[in-house]
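Novice: What follows is a structure written as structure tokens; I'll ask about it next.
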Amino acid sequence: MTNSSTFCPVYRDLEPFTYFFYLVFLIGIIGSCFATWAFIQKTTNHRCVSIYLINLLTADFLLTLALPVKIIVDLGVAPWKLRIFHCQVTACLIYINMYLSIIFLAFVSIDRCLQLIHSCKIYRIQEPGFAKMISAVVWLMVLLIMVPNMVIPIKDIKEKSNVGCMEFKKEFGRNWHLLTNFICVAIFLNFSVIILISNFLAIRQLYRNRDNTNYPSVKSALLHILLVTASYIICFVPYHAVRIPYTLSQTEVISDCSTRIALFKAKEATLLLAVSNLCFDPILYYHLSKAFRLKVTETFASPKKSKPLEERLRSENDV
């Protein structure tokens, strides 16, 4: 870092964000724990979409581990070693969750599209064995990209306030961080195209079936697609609109102090939207997994209402 950047108070005034991060954490941990319980209780036959949702849930638990540390660090009450740990480990867990979520939402969209367009066929990509294999490949790929940021040696710098994670990185660590950012943006762009195309094809197929006698199912399927698309756009698009300019400000390509501060605040605000997928995901589980819907029905509906609801849900296809 240059002297000019040393005196630029980029990493201050984070306390207002921490309250929202805490709210996301609280809602997310409750929803994720309930979802885990529901899947364990009810899921016996795993279809592809259930496998992808379980992987999404696993990624969400990584985020719940990381958020408390981020909150403590951003409040300015963390000891120095915890701040270093956050930069090396928990910050990376947040991004591991983000890109796993993006990829698995794309696979959910593909599976949904194939179910609607070719309902009488089962392709290799729709087999549970393939879903498990591709899930393992996705985890391995994301970890290979992210884990080096955790293990690359860092600089031993003097304890001080207003320090950013980039200041701990040596030259190789900075270069890897920059490469990681561009790879992640490429992942986002490619899987965004997949999600948009899959959902467009699915909506077109539903539009063709709008006069079908089974209209309630068509309407329900349309709702599922719109939920996935809306949660994806709200959570991930704003962050990636800011990510490249913010990365350039970290590497001194953008050196104006006021611009760097504005980009950092924009990054934190859009990161808050990105981690809010922790709150949206239980809603997706409810609409996309019959096992989850059944457990919610059993738990929260009155005994008189729960039985007919359960019978109706069991008669539906697991989506």
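Glycine is no exception: its Cβ is also placed from the backbone N, Cα and C atoms.
Pulled from Swiss-Prot, these are the listed features:
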type	residues	note
CARBOHYD	Asn3	N-linked glycosylation site
TOPO_DOM	1-21	topological domain 'Extracellular'
TOPO_DOM	43-48	topological domain 'Cytoplasmic'
TOPO_DOM	70-89	topological domain 'Extracellular'
TOPO_DOM	111-132	topological domain 'Cytoplasmic'
TOPO_DOM	154-181	topological domain 'Extracellular'
TOPO_DOM	203-224	topological domain 'Cytoplasmic'
TOPO_DOM	246-268	topological domain 'Extracellular'
TOPO_DOM	290-319	topological domain 'Cytoplasmic'
TRANSMEM	22-42	transmembrane segment
TRANSMEM	49-69	transmembrane segment
TRANSMEM	90-110	transmembrane segment
TRANSMEM	133-153	transmembrane segment
TRANSMEM	182-202	transmembrane segment
TRANSMEM	225-245	transmembrane segment
TRANSMEM	269-289	transmembrane segment
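Map the listed features onto the structure and describe their local environment.
Specialist: Looking just at the topological domain 'Extracellular' (1-21), the mean pLDDT is 73.
With DSSP classes pooled into helix, strand and coil, the tally for the topological domain 'Extracellular' (70-89) is 15 helix, 0 strand, 5 coil.
With DSSP classes pooled into helix, strand and coil, the tally for the topological domain 'Extracellular' (246-268) is 17 helix, 0 strand, 6 coil.
For the transmembrane segment (49-69), the list of distant contacts is 21-22, 24-25, 28-29, 32, 35-36, 39, 43, 78, 82, 85-86, 90-91, 93-94, 96-97, 100-101, 104-105, 107-108, 111-112, 128, 131-132, 135, 138-139, 275, 277-278, 281, 284-285, 288-289, 291, 318-319: same-chain residues at least six beyond its ends, Cβ to Cβ under 8 Å.
Within its own chain, the transmembrane segment (90-110) has Cβ neighbours under 8 Å at 48-49, 52-53, 55-56, 59-60, 62-63, 65-67, 69-70, 125, 131, 134-135, 138-139, 142-143, 145-147, 149-150, 165, 184, 187-188, 191-192, 194-195, 198-199, 202, 225, 228, 231-232, 235-236, 239, 271, 274-275, 277, 281, 284, 288, counting only residues six or more beyond its boundaries.
Same-chain residues lying 6+ beyond the ends of the transmembrane segment (133-153) with a Cβ under 8 Å from its Cβ atoms: 51-52, 55, 88-89, 92, 95-96, 99-100, 103-104, 107, 125, 169-170, 172-173, 176-177, 180, 183-184.
Among residues of the same chain six or more beyond the transmembrane segment (269-289), those with a C-beta under 8 A of the stretch's C-beta atoms are 17, 20-21, 24-25, 27-28, 31-32, 34-35, 38-39, 43, 49-50, 53, 56-57, 60, 63-64, 67, 94, 97-98, 101, 108, 223-224, 227-228, 231, 234-236, 238-239, 241-242, 296, 318-319.
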Novice: Near the transmembrane segment (182-202), which same-chain residues lie under 8 Å Cβ to Cβ, leaving out any that are not at least 6 residues past its ends?
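Specialist: Non-local partners: 95, 99, 102-103, 105-106, 109-110, 112-113, 116-117, 145, 221, 225, 228-229, 232, 236-237, 240, 243-244.
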Novice: State the non-local partners of the topological domain 'Extracellular' (70-89) in its own chain: residues 6+ outside its ends, Cβ under 8 Å from one of its Cβ atoms.
Specialist: 14-15, 17-18, 21-22, 25, 149-150, 154, 159, 161, 163, 165, 168
